[in-house]
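Asker: My questions all concern the structure below.
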Amino acid sequence: MEAVLQRSFRSGDKKPRRRVSFNRGGRGAAKRPALLLAAVRGAETERAATAAAASSGSSGALGTPGPSMAAPCPEDPSLERHFKGHRDAVTCVDFSLNTKHLASGSMDSCLMVWHMKPQSRAYRFTGHKDSVTCVNFSPSGHLLASGSRDKTVRIWVPNVKGESTVFRAHTATVRSVHFCSDGQSFVTASDDKTVKVWSTHRQKFLFSLSQHINWVRCARFSPDGRLIVSASDDKTVKLWDKTSRECVHSYCEHGGFVTYVDFHPSGTCIAAAGMDNTVKVWDVRTHRLLQHYQLHSAAVNALSFHPSGNYLVTASSDSTLKILDLMEGRLLYTLHGHQGPATTVAFSRTGEYFASGGSDEQVMVWKSNFDIVDYGEVMKVQRPPATLASSSGTLPEVDFPVPPGRGRSQESMQSQPQEPVSMPQTLTSTLEHIVGQLDVLTQTVSILEQRLTLTEDKLKQCLENQQLIMQRTTP
């Protein structure tokens, strides 16, 4: 196993799937069953949210699945790639818009940008003076933001030169960075107990949100950019209105530090992970707790929604990744791949892949085969969770709308033949060339816009200075 994992990060070789073990969620494996309400073809049926918490012997050396593990099938997640290049624990990962690149940050103070194409060289960006704690690609993919323990944020142009601009305003470790959907601003969270919003092209700090009373671990924009959600060591999740800069609501159900939070792709729900080993899902319209999962045996460090909104993947210090079916409120898979805590996880923009990182210094790329039924729905209208009815159980009931055809069994849906889509090689090459040229043009326009903004700011400053001089000279 070690011989495989120690290959150069430049190779990006595929990793044998048989070396990664997993457990499928099932009723028989439930450790903490919880009744949740799921909508199936308009009728409400009760299902159990199942748990398959990893035991110390289940992950083993990642060899052949044991008796408690299901045999892999084409619909199961598979480990496609692994990257080895960091010299310390991996803290964060993020895919570019076109899924051609994957960025990762590490406690080794470096930022890596991996090319998803096999045999391609990775970029190593140096500039931060301490651990890199967070990374995020801009919506266009032409910029890459990172935060660090050195109290700074850097915006990089992810190319060979690796040029970056430094943003300073925080007085402690920057834990999180996230671009708004329009790319014009980004939000950061820090151990200085504040959430800060910045202008991307003006390269300016705009304002702070400061009602947390302990370190702020994470902050994210809503899909429409109107709301901001933050998670803190004060055990709360706060929802903010970007325009009024006011706290709309505080969610206080976590029993420990809240490590991560993110918006559902529909923008109507948020999910938060905590040191209390739980994942909670709230409706931001009614502020009601929709779902509560206690599946991990250690702190949950990160989570990520599938673009369809139907699945959630989590990463935990118990070394596992877990994939949840939010529509049915149950555990689908427990993935054993990392040796030691799994520190970060993120879906690609299409949901076809997800990446994870851990204290074992590795970045792993997985293929989301389990979403083959919902993959065609990603580009369609996303169906947000509906408002809940009152719950009589220990956990709140959930009422999720179901995509067309969801009522059929998972096995029958996945067994349907998929129509092959082929395209002439010449047309593919031409389209890739056109897309590449458009990327260059977009990046050029972005740089010109940034320079124009800086020129406007300088001109404004000159005019202000001239007015001050005129005022002083006037008797």
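Cβ coordinates are placed from backbone N, Cα and C, and glycine is handled just like the others.
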Asker: Using TrEMBL as the reference, determine which range in 51-81, 113-143, 237-267 is annotated region 'Disordered'.
Answerer: 51-81
Asker: Do the repeat 'WD' (167-208) and the repeat 'WD' (335-367) come together with 3 or more C-beta pairs under 8 Å, pairs six or more apart in sequence?
Answerer: no
Asker: List, by number or range, the same-chain residues at least 6 past the repeat 'WD' (125-156) whose CB is under 8 A from its CB atoms?
Answerer: 88, 91-98, 101, 103-113, 162-168, 170-179, 181-183, 186, 188, 190, 198, 200, 203, 439, 442-443, 446
